[in-house]
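Data first, discussion second: the structure below is written as structure tokens.
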Ligand code: XMP
């Protein structure tokens, strides 16, 4: 991804789990950066990259081990500000003449508090209270700082928590300012890029331009296929790629009969009619529902859906001549990797990913333009691309769809009832202005009938559960605290408007111990 127009910051990655968060903090400051694995940053690469500043990430190795990773020696003569974090701090000290020790008593994991020791521009805005919370995660520590460095912050277990050689603009911190548990960490990055002279010329618009150029370069004149689920990630990926290569992109939307009310029409109208994208609407409801007939075990249901998805996608994709690439809306949190996402070893895609396994089977290469982004950044990119706000703000919807919201056996009758109840529930949430406060909301139809009385008659219908959770990433979640008035009004509407349901419950389980979906 060459782009000489922007001021560039280089992150040398030593394999930390949170290196990508550094990039994210920098993008929030409108600073363009690239992450390169340490193995690839030779003196020549460094000179060609011409960074305005360099950050050395954390990493799992120990600088005391022979042959452990190092920054290129020419870095110290480049004349640009350098910030070393955790392992980056330790290699910096080692390379510049300090000492690092490992072994018993040198490690520190979790929350710690740093106290000031003199004044440092890097820490402007810090220490408004007497100490700052930071996140430590290190096995080794610096025992002697390099010549020219001074101490500017200490913690009980890290006498060299913050050090700097101000004359040379070298800064070193033992903790991780990029993580959420260092609440004032963003300020530290802001100070660093300010003292490096960045003007903040990097925006989502610029990201879009660069991503488009990169897609064109990768794909050339070949064909790309994209599995469209109607979710935000695959939608943004499709629109971006379409903007880059136009009709070389064909989207395949698999309708497995487990979609919500009106969903298939919405997706097809939006992409085929509004965006004029080549789109295959694969109506495979009979196939999926037929194979699922009589199945009640959650894992069996998931496996059937996953396998059929691949079969069906492959069937349609085979019909697209010259397809060499498969586009996916993989986000950074989906990327599980050991060293680095850029140029490191190949990635493992989440096992529940709908088209996971396809690339190997079909011999396709991946196009993943969102691999460096987090969910909220994808939404910002979607806005930048002009996707309607209502589409961008949609709650996540799982690949197996309503199948996992219909515990036990799936029947067309139950699915129909579920769709109607879900539509009423979401309508209620929207009417009360709560949709955007909620991470995900849906109805699950329960495999139980209960007795009720409506008018003067006895009823024997299904019970359903309403689910609504708040979450940051879907990994943990809490139930949404609706008012009793809202719940009462919604239950009444569902029972009145949806034939087949005579009892409504509200699921108040958090995750953990529950999961968001019912299966
Ligand atoms: P759970 O139920 O595990 O869900 O708490 C966490 C988030 O992941 C979504 N989810 C899936 N998404 N394929 C998907 O694309 C799946 O198989 C799948 N299972 C769960 C779920 O909707 C929630 O947002």
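Using the three backbone atoms N, Cα and C, a Cβ is placed for every residue, glycine included.
As written in TrEMBL, here are the features:
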ACT_SITE  86  active site, nucleophile
ACT_SITE  176  active site
ACT_SITE  178  active site
DOMAIN    202-394  domain 'GMPS ATP-PPase'
BINDING   229, 230, 231, 232, 233, 234, 235  ATP binding site
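On the structure: features taken from TrEMBL.
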residue : record                   : DSSP class
86      : active site, nucleophile : coil
176     : active site              : coil
229     : ATP binding site         : coil
234     : ATP binding site         : helix
Problem - Environment of 229, 230, 231, 232, 233, 234, 235, the listed ATP site - residues of the same chain whose CB lies within 8 A of the CB centroid - result: 228, 236, 237, 329
Exercise for the section: Note the mean pLDDT of the domain 'GMPS ATP-PPase' (202-394), expressed as a whole number. Expected result: 85
Completion exercise
Students should find that the Cα atoms of residue 229 (ATP binding site) and residue 178 (active site) sit apart, in Å rounded to an integer, by 32
Fill in the blank from the handout: Smallest Cα-Cα separation from residue 235 (ATP binding site) among the active-site residues 86, 176, 178 is shown by 178
Fill in the blank from the handout: Integer Å value for the Cα distance linking the residue listed as 'active site, nucleophile' with residue 176 (active site) is 7
Exercise for the section: Would you mind reading off the Cα separation of residue 231 (ATP binding site) from residue 178 (active site), to the nearest angstrom? Expected result: 29
